[in-house]
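Engineer: What follows is a structure written as structure tokens; I'll ask about it next.
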Ligand code: NI
């Protein structure tokens, strides 16, 4: 396993549509998934989409640190959403930046897991938010596209004396 470099805002790959994966069991896909999990954990992130590590494949990993993760979603499709609420959000491709936006409170998503099995997940709150954020990435959409005007905050890491 290896930690991969995160592509940051301004890198054009973040604006591209990722392609469906049809060879889930292939070794390089499995290695990519392992690396994405290691990378998101190393960055203390909640989620990561493959194009954030420079690979245009429809793969996301999510871990909300509730003991059930990490969750791997391949070719995810959001089937239903329910409710909405205002949330604060950041992104590993936008270091130290946060904004508020409206996300669904609940989502139902269909995807394949890393074994190639079709799965369906009902998620709410932070897990639902992460699924929306990461599936947006796969379509080249970023959280700043949807942020409520005037809510972008840039938090500078404290200077070390
Ligand atoms: Ni992101």
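Just so you know, glycine gets a Cβ as well, placed from its N, Cα and C.
Below, the features straight out of TrEMBL:
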type	residues	note
BINDING	91, 133, 137	Fe cation binding site
ACT_SITE	134	active site
Engineer: Could you give the Cα-Cα distance between residue 91 (Fe cation binding site) and residue 134 (active site), in whole Å?
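Structural biologist: Answer for this pair: 10 Å between alpha carbons.
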Engineer: Return the residues near residue 137 (Fe cation binding site) by Cβ distance under 8 Å, restricted to its own chain and a separation of at least 6 in sequence.
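Structural biologist: Those within reach of residue 137 (Fe cation binding site), by Cβ under 8 Å and sequence separation of 6 or more, are 14, 18, 49, 51, 52, 60.
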Engineer: Tell me whether residue 133 (Fe cation binding site) sits in a helix, a strand or coil according to DSSP.
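Structural biologist: Note: residue 133 (Fe cation binding site) is helical by DSSP.
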Engineer: Residues other than 91, 133, 137 within 8 Å, Cβ to Cβ centroid, of the Fe cation site?
Structural biologist: 47, 49, 52, 89, 92, 93, 134, 136, 142, 143
